[in-house]
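A.B. asks: After the structure tokens below, expect a handful of questions from me.
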Amino acid sequence: MASERDPLLPVHGEGPESPSRRNWKTWIKHGILLILVLSTVIFFYFFSSHKSKGTNEKPKFVIMMVSDGMGPGSLSMTRSFVETLNDKEGYRLPLDEHLIGSSRTRSSSSLITDSAAGATAFSCANKTYNGAVGVLDNEKPCGTILEAAKEAGYLTGIVVTSRVTDATPASFSAHAANRFMQDLIAEYQVGMGPLGRSVDLLFGGGLCSFLPKSTYRSCRSDNLDLLKYARKKEGFQILLNRTDFDELSNAQLPLLGLFSDYHLSYDIDYQPEVQPKLSEMVETALDVLLNATNEDTSKGFFLLIEGSRIDMASHNNDPIAHVYEVMEYNRAFEIASAFVEKNGGSLISTSDHETGGLTVGRQVSKKYPEYLWKPQVLSLALHSIEYLASAIVNHNQNTLLPYIEQFVLPAIGIPDPNPKQIHDIYVARHNIFNLINVLSDIVSVEAQIGWTTHGHTAVDVNVYGVGEVTEHLRGNMENIEIGQFMEIYLNVSLSDVTEKLKDAPIHGAPDRPSLVETSFSDRLVGFGADLF
């Protein structure tokens with residue numbers, strides 16, 4: 001009787017194994033063993049080769065662009081303005097083709113963020129309280145993407161149109177419990193912090209924070225000479241004017257370019273012989289960083305670019321300066337985009353928040369509103385509101401009325417002013433803040449542009465991308481997700497840097513007005529326009 005373990009059917013060929021079959025089995029075993037050995041050798045060869053030749057990897061480039069204070073309305077206004085100015089119906093801004101999503105901007109302390117908390121969300125990939133510069137809610141410093149990149153062997157750069165110690169650049173390169181501790185921020189930027197120097201290239205304004213208190217143009221509260229420290233201790237090449245910038249060739253890092261005492265000029269007030277534009281600084285920075293990457297076989301670079309004064313124009317409710325700043329930011333974006341398309345990497349552009357509550361359209365009377373706005377008014381303008389307010393304050397009071405009528409109002413796009421406009425400006429003539437408000441309102445009403453605030457708003461802002469980032473960031477996102485992407489993409493550790501910074505100083509004295517007799521507009525933008 002068959003056992004339960006016996007096969008149901010007879011096995012084919014059952015019986016003694018032939019010699020030829022045994023030989024084939026032996027060859028198969030040897031072949032499999034050989035393949036396994038070869039595979040192991042090949043794996044370890046390539047693994048060790050990869051490790052020993054890490055410098056031959058294709059470098060990674062991350063360009064983070066921040067259009068400070070620019071909201072969706074800014075783009076609508078600028079697009080229509082360019083269409084009118086150049087008779088280009090259907091015109092598209094350079095940014096338009098690269099829209100990938102939108103960002104929510106709240107901070108940990110408010111539904112409406114300030115620039116410091118907004119920038120720290122990008123740099124540390126964490127929410128924090130308004131006013132915090134590279135510092136978390138517990139008032140402990142957090143490692144930034146720029147610092148982590150530098151620690152990992154990348155080159156780093158910052159290009160802005162504000163003081164380099166202002167909230168956004170500071171939040172990537174320094175740590176302060178309050179954004180107005182600009183003495184401390186400048187010290188971090190020249191390498192006096194616990195990590196040493198983290199920034200290889202720094203372009204913008206804000207010279208006053210690097211000069212000792214005894215110096216005429218200083219705004220420091222002490223006598224530290226940070227230019228001397230930067231040059232002698234850290235080897236910075238220092239550029240202080242347009243000539244220095246133009247003569248820059250075969251530049252060696254580190255580079256420190258401080259092209260004004262405070263912020264750089266608005267684009268509409270730009271004097272080419274005095275200081276470079278944002279787009280020029282961006283082009284030079286990219287060239288210098290790329291050349292340095294090729295020469296020292298670094299991993300690549302991280303570059304922060306900020307269109308800082310878009311925000312400041314909106315704080316003033318100045319549609320003239322605002323539209324020209326947005327145009328210049330688009331030129332800078334075009335340069336950065338071309339770089340990434342040629343060399344690879346990731347370009348991210350977004351805003352930290354919207355400023356001003358800008359609306360393209362305004363009800364200017366109690367009657368039912370017209371469905372229009374008038375970009376042609378802005379196209380006639382010659383200067384920013386700050387520039388003209390300063391000019392009024394400094395003008396001979398005996399000839400002020402004709403000056404307002406014949407120069408100031410035509411310079412804001414109103415060639416045929418009415419008596420009320422002239423009167424309102426004249427009444428406000430002694431107070432720079434009142435003048436800015438009056439002038440901004442006159443041109444905004446004339447152009448039918450609306451504003452809801454002189455501060456920030458909670459509106460979501462656009463996110464744009466070029467290169468590999470477009471495969472990872474999509475749709476509506478929290479601002480910290482942008483920082484998280486950069487950390488993963490560059491393969492760096494923010495937490496490791498945070499650990500190194502656990503005893504880093506975050507308290508310092510606020511800056512002070514310098515002794516130099518600057519224009520009222522300089523004082524305004526240096527110490528009051530972006531306090532929100």
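Here the Cβ of each residue, glycine as well, is placed from N, Cα and C on the backbone.
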A.B. asks: Between 1-20, 341-360, which stretch does Swiss-Prot give the note region 'Disordered'?
C.D. replies: 1-20
A.B. asks: Which candidate from HIS175, HIS456, HIS472, HIS507 does Swiss-Prot annotate alongside ASP311, HIS315 at the Zn(2+) 1 binding site?
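C.D. replies: Given ASP311, HIS315 bind Zn(2+) 1 in Swiss-Prot, the matching entry from HIS175, HIS456, HIS472, HIS507 is HIS456.
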A.B. asks: So which other residues, same chain and not among ASP68, ASP352, HIS353, have a Cβ within 8 Å of the centroid of the Cβ atoms at the Zn(2+) 2 site?
C.D. replies: VAL66, SER67, GLY69, MET70, THR105, THR113, SER115, GLY118, ALA119, THR168, ASP311, SER351, GLU354, THR355, HIS456, VAL461
A.B. asks: Enter the number of other CB atoms within 10 angstroms of the CB of SER115 (active site, phosphoserine intermediate).
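C.D. replies: So the Cβ neighbour count for SER115 (active site, phosphoserine intermediate) comes to 30.
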A.B. asks: Measuring Cα to Cα, how many Å separate SER115 (active site, phosphoserine intermediate) from ASP166 (Mg(2+) binding site)?
C.D. replies: 9
A.B. asks: Which of the three DSSP-derived classes (helix, strand, coil) applies to HIS353 (Zn(2+) 2 binding site)?
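C.D. replies: Its secondary structure by DSSP: coil.
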A.B. asks: To the nearest Å, how far is the Cα of HIS456 (Zn(2+) 1 binding site) from the Cα of ASP166 (Mg(2+) binding site)?
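C.D. replies: Counting only the Cα atoms, the answer is 16 Å.
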A.B. asks: Check the Cα distances from ASP352 (Zn(2+) 2 binding site) to each of the binding-site residues ASP68, ASP166, THR168 and keep only the ones within 10 Å.
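C.D. replies: Near ASP352 (Zn(2+) 2 binding site), where near means Cα within 10 Å, the binding-site residues are ASP68, THR168.
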A.B. asks: Fewest neighbouring Cβ atoms within 10 Å: which of the binding-site residues ASP166, ASP311, HIS315?
C.D. replies: HIS315
A.B. asks: Of all the binding-site residues given, namely ASP311, HIS315, HIS353, which is spatially nearest to ASP166 (Mg(2+) binding site) at the Cα level?
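C.D. replies: Looking at Cα distances from ASP166 (Mg(2+) binding site), the smallest one goes to ASP311.
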